[in-house]
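Listed in Swiss-Prot:
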type     : residues                  : note
DOMAIN   : 22-415                    : domain 'Glutamine amidotransferase type-2'
ACT_SITE : CYS22                     : active site, for GATase activity
REGION   : 890-913                   : region 'Disordered'
COMPBIAS : 900-913                   : compositional bias 'Basic and acidic residues'
BINDING  : 1060-1112                 : FMN binding site
BINDING  : CYS1113, CYS1119, CYS1124 : [3Fe-4S] cluster binding site
Amino acid sequence: MTYNQMPKAQGLYRPEFEHDACGIGLYAHLKGKQTHDIVKQGLKMLCQLDHRGGQGSDPDTGDGAGLLVQIPDAFFRKECKNINLPEKERYGVGMVFFSQKEDERKKIEKQINALIEQEGQVVLGWRTVPVNVGKIGTVAQKSCPFVRQVFIGASSDLKDNLSFERKLYVIRKQAENWGVTEGLDFYFASLSSQTIVYKGLLTPEQVDAFYSDLQDEAFVSAFALVHSRFSTNTFPTWERAHPNRYLVHNGEINTLRGNINWMRAREQQFVSESFGEDLNKILPILNADGSDSSILDNAFEFFVMAGRKPAHTAMMLIPEPWTENTHMSKEKRAFYEYHSSLMEPWDGPTAISFTDGKQIGAILDRNGLRPARYYVTKDDYIIFSSEVGVIEVEQENVLYKNRLEPGKMLLIDLEEGRIISDEEVKTQIATEYPYQKWLEEELVQVNPDPESREEEQFSDLLTRQKAFGYTYEDIQKYLIPVIKEGKDPLGSMGNDAPLAVLSDRAQSLFNYFKQLFAQVTNPPIDAIREQLVTSTMTWLGAEGDLLHPSERNVRRIKLYTPVLSNEQFYALKTIVHPDLKSQKIDVLFSEDLERGLKDMFTQAEKAISQGVSLLILSDKKMNERLTPIPPLLAVSALHQHLIRKGLRTKVSIIVESGEAREVHHFAALIGYGADAINPYLAYATYKQEIDEGRLDISYEEAVSKYGKSITEGVVKVMSKMGISTVQSYRGAQIFEAVGISRDVIDRYFSGTASQLGGIDLQTIAEEAQRRHREAYQDDYSKTLEPGSDFQWRNGGEHHAFNPKTIHTLQWACRRNDYNLFKQYTKAADEERIGFLRNLFAFDGNRKPLKLEEVESAESIVKRFKTGAMSFGSLSKEAHEALAIAMNRLGGKSNSGEGGEDPKRFVPDENGDDRRSAIKQIASGRFGVKSHYLVNADELQIKMAQGAKPGEGGQLPGNKVYPWVADVRGSTPGVGLISPPPHHDIYSIEDLAQLIHDLKNANRDARISVKLVSKAGVGTIAAGVAKATADVIVISGYDGGTGASPKTSIKHTGLPWELGLAEAHQTLMLNGLRDRVVLETDGKLMTGRDVVMAALLGAEEFGFATAPLVVLGCVMMRACHLDTCPVGVATQNPELRKKFMGDPDHIVNYMLFIAEEVREYMAALGFKTFDEMIGRTDVLHASERAKEHWKASQLDLSTLLYQPEGVRTFQSPQNHKIDQSLDITTILPAVQEAIESGKEADISIEINNTNRVAGTITGSEISKRYGEEGLPEDTIKLHFTGSAGQSFGAFVPKGMTLYLDGDSNDYVGKGLSGGKIIVKSSEGFNSASDDNVIIGNVAFYGATSGEAYINGRAGERFAVRNSGVNVVVEGIGDHGCEYMTGGSVVVLGDVGKNFAAGMSGGIAYVLTEDVKAFKRKCNLEMILFESLEDEKEIQQIKAMLERHTAYTNSQKAEDLLDQWEDSVKKFVKVIPKNYKQMLASIEEQKAAGLSDEEAIMFAFEANTKPKQNTAASGQKQAVVQ
């Protein structure tokens, strides 16, 4: 049995889609003292992180756990009596996993011995590692490797440790390469003279039980680096357990494909003094089949072996953000700039700890997206981990408590016996070479001269526009809004046009590629509010020598954006510099596209051989005979070709393109390798619009605004995948193809997913030539086509919702006419191939049933849901109509992310129920309170939305009416954007935590997780099932939206058919399908659609666009403008009067769908719905599919693949609620108090494994007493210790939680009226404002209550706070981000980017240096004031007095003692719009209006200034 049992690709499953996350930890003695206790404590730490790891279908088989320690020299001398070991550090130990086959093992050992001797080293002997197979899980046992250790003696010529380590590395790399050639499985967990790794497919508590070595008292080390893994799959893979050879990694490398490609390109240019002739023996440097963590480890190890210090290597691979950081020293800035000219960052959420055995370091990614806390003790120990409380320590012995900050490093030097600070280590490394001098002297400046610009005068402009697919819609609905609005324009209602491969029309190649996005396993990042971590810097020219620092390396051109104006482009192509020659290649073809590509390759290679370093690919010389090669194909093909030839780093690829005009085009070109792009035809189009008077702006301003908008759009596209820098995005191929053949992908887009195959090179050529021919033949038409991508037009692109389908559906449901409904479904199903499901036909040979034998419509309809559409996006009338209808049917409506009015939780007098059965929890957490959560049958975590995955929801300010703001806890008239990520979900184990939180908040509700279809969503779904979700929703890219960038609507995500089938198949392969209910949504329109979804694996079904159409929507696609003419998607009281919908219409629609489903079931012979699920054997490709000129090339077999196993939900998840502290301890002690309202006061010990303390108790209060809760301080809970994550989440009024000690992330998440007090433990006597006492993302989405924190907090404190009043003694970066209410008093330092996106509430920050504080703030939305209002001063003083009373804060006490002076040191931070609204409201109230009327008048005044809204004594009624 082999130790690696990752299944081969089958159906839609691909092994390369696997992701992982984890908990990491380090326990070390700073002076290097080696003890067995360190090993024991490391193992204990591992067990305390068990909840951050994962288990699959076999609960006794972990996803992987292990530890990395120093070589235990005394232990090996005791155990290896028959091996003559040289002195310490003069021998290396290899930890090797072999197959259990003895003959295979002996063959491998023989080869390893030969390689050791060949390299001049000494084979000292082998040892079989004793293991206890009976102590591990069944699945782990079946795949358990045979573990052996090889001992290698150093030759006398290797004088130092690094030379010996390098030789061991060369031996291992050769052995690995030989193994690949021979097709033999073995794996070196480690091979070093300094460190050794013990790991496996184990749970944390199994590690020392399995490896008895670890129990021996002689097994000593000065440190233990530990890791507990959570994989998205359940397949046994021993080698993917951590630690790796140099590092443990918690996070994900989002740019991996690009990092691999660029390393591959560079390694053929490497020359190394350290390796000499051994360099070729170690290639390839990266094992591309490994996990992202192991590939990062490969890169880290190589640079260390090549002579870089570990800390230097970490700074190169994971640089802190420097381009926007004005606080950074010029030396450090120069270091980062120099290295950025040589290589791109390895970007993504990352906490790594690394070691070479002498130094141990840790570094956090630039965004601070992983937790990393540490204690330093008075007796010289450091405890570093993802969580505090993992090792017990006397508080009197703790010297200080801290956290690793974004981009910062912690370094422990065991030989020097001290911690080296981030500032010291980076300054030391940054000043080793004169980087600043080199940059000043060698960087090549390009200064565009406006006078020298080649003026673009195209006599054939219209022809060119037509040839490149320009339409009137492109210009009027995209190019002009881009510069007027300064961003990618918004659209709404989603995409209902066909995929490019299904379209009857010739399509741009760009349209076959879909942008990838982050969900669950890594977060999207916030490119708008957290812009300081992004960079658009671009380097041109040949790359320098990465291994040898030199001034020559920076002889390159630095650009601040990859979008080139004509002036910049002209300056580049005419530059005179010996190292920067340019050459233009015409990328055109006449008949043979393949020939055209080969000619381009030949010309490029020749140019590079002649010293050219700037290659310009131009289509400008197109004519009637010569067609442009699609620029995306030209760029990617050349990029891949040059990588294969080892030439890519010698040249930059610059594109002069007539086709590139949208954000998606630029993103795709950069993503596939373009260094810079000049969109000459877009500029010429602007010039035409200006010259002809249709655009009132100067040409220079238009070009500037366009370049800025496109650049920001590209950053937003990158950020959806969690990538911060254009440099990392370039060549990273963060796309998937839909409808491109495997041959084209392998040759020209290698590494890109294309799950269904598709069109070949000939068809790509035909599409380009068809457009080209039409452009040159179309002499009689002097105008562009109108265009119909976003809006239906007669004769244009097909749209599923068109006048015929809309009208027929509405009348059928209004009249309750099933025959008319059948006319609608005939039109929807049969007119065109609009969706992938239209490519299938049913097996006509099935034995039919009588209709009455089939499950009833009343039963089937209970599987139906309406989609997540928020109150705010929809009118009150539309939102409630959906809820009433679905509750009548026994189905479910979904609140969406805008909260819900509590009045709806009580049934109406007529028996109707307006309560949404599904309550959504999205990243904005609007209205998410304990009372909201307990009033649900299902709680849905929205990880992504089909129309805009990787982005937050948007509600424009003109739709945030007072009643909407009230439900959302925000400011009327101020636009709301949800953060792109859930700030408590940066990885799979974070999602598991939120699922656990919500299950605690409502034990009776199912927990649902909404994902968007993409390649790899199946593996993510498996991880979500392991994270104990009850329902998984796979949403299609074509889902509706109230407001989304057009780029996202068209170009992100996949059809649900692909994602659903992949999720179903992957869950079955993992043995997890029976644990979850699978649901799908995204333009489900008919009963046939439901049947197709069921056959592909769905059990439940969401409808959103169709029900809105039923209620009256006419697809005006103006939802975001608040101008909906039928009262569906507006808050405007006058327009809402036009609402004609009725819950009965929705009831009719749903029953019609169910009835049509029954007809199909009868025809196919299925008696019950469950029988039909996953039965893809009744489908085959339709005749229509076989006849279509493009769709006929698709391979649909992967969609229909059926693995063996259970196809439906069978067994509920085990949420382990019965093991929670609330159930075992708290609730029994306070149950009587909850029931009687009497006071209760209890004391409880707590540790980091006790998560979500207080939440279940709070939910019981909310169920009984509603939003009012209990009187203040009714239930007092006194905790002592280190609390686990989500301490006090969602606790309502009446509960007070005291914590003596410290806490992990998410304290007070969703606080709903309760009170939280955290103070330092008895005995810990360090200054509170110098010590970190709670973790990241505290009080996220909190709605009311109060809190007092006697110490510092981590990153993103009070994100989306909408009502809590809190005092804290210092916070990290991004504090008060997206805050909409409440007040935050900070008695200490704040981190960078304070108050970004803050639209409500007030912060009061104590500072000695106001200027320095202001430099840390995001100034976009806020004002600074001093504290002058006496009432306000008294409020702050009262908060400090309570803080002192609750926490004994010395800091607060000192401030109160000197209050007259102290108050002058506070800076008040208030959002501009919030202040304006408050002032307007007071003004209206002074004029005699009631509170309600004043708020409405203020809203009108601030959002609709043209209307006369002055209060003139006349009172207006407010419609609610």
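Cβ atoms are placed via backbone N, Cα and C, with glycine included.
Positions of Swiss-Prot features highlighted on the structure.
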residue: CYS22; record: active site, for GATase activity; DSSP class: strand
residue: LEU1067; record: FMN binding site; DSSP class: helix
residue: ASP1074; record: FMN binding site; DSSP class: helix
residue: ASP1081; record: FMN binding site; DSSP class: strand
residue: ARG1088; record: FMN binding site; DSSP class: helix
residue: LEU1095; record: FMN binding site; DSSP class: helix
residue: GLY1102; record: FMN binding site; DSSP class: strand
residue: CYS1113; record: [3Fe-4S] cluster binding site; DSSP class: coil
residue: CYS1119; record: [3Fe-4S] cluster binding site; DSSP class: helix
residue: CYS1124; record: [3Fe-4S] cluster binding site; DSSP class: coil
Fewest neighbouring Cβ atoms within 10 Å: which of the recorded positions CYS22, VAL1109, CYS1119, CYS1124?
VAL1109
Give the residue from the binding-site residues LEU1060, LEU1067, LEU1095, CYS1113 that has the most other Cβ atoms within 10 Å of its Cβ, counting over every protein chain displayed.
LEU1060
Cα proximity to LEU1095 (FMN binding site), best match among recorded positions CYS22, CYS1113, CYS1119, CYS1124:
CYS1113
Predicted model, mean pLDDT over the domain 'Glutamine amidotransferase type-2' (22-415):
95
Do you know the DSSP helix, strand and coil residue counts for the compositional bias 'Basic and acidic residues' (900-913)?
4 helix, 0 strand, 10 coil
Can you tell me the CA-to-CA distance separating CYS1113 ([3Fe-4S] cluster binding site) and ASP1081 (FMN binding site), as a whole number of Å?
19
At the Cα level, what's the spacing in Å between CYS1119 ([3Fe-4S] cluster binding site) and VAL1109 (FMN binding site), rounded?
13
Applying a 10 Å Cβ distance cut-off over all chains shown, what neighbour count does GLY1102 (FMN binding site) have?
27
Please work out the number of neighbouring Cβ atoms within 10 Å of the Cβ of ARG1088 (FMN binding site), leaving out its own Cβ.
23
Write out the long-range same-chain contacts of ASP1074 (FMN binding site), meaning residues 6 or more apart in sequence whose Cβ is under 8 Å from its Cβ.
VAL1206, THR1208, PHE1209, GLN1210, SER1211
Within 10 Å of the Cβ of ASP1081 (FMN binding site), how many other Cβ atoms can you find? Include all protein chains, please.
29
Checking your reading of the structure: which of the recorded positions CYS22, LEU1067, ASP1081, ARG1088, GLY1102 lie inside a 10 Å Cα sphere centred on CYS1124 ([3Fe-4S] cluster binding site)?
none
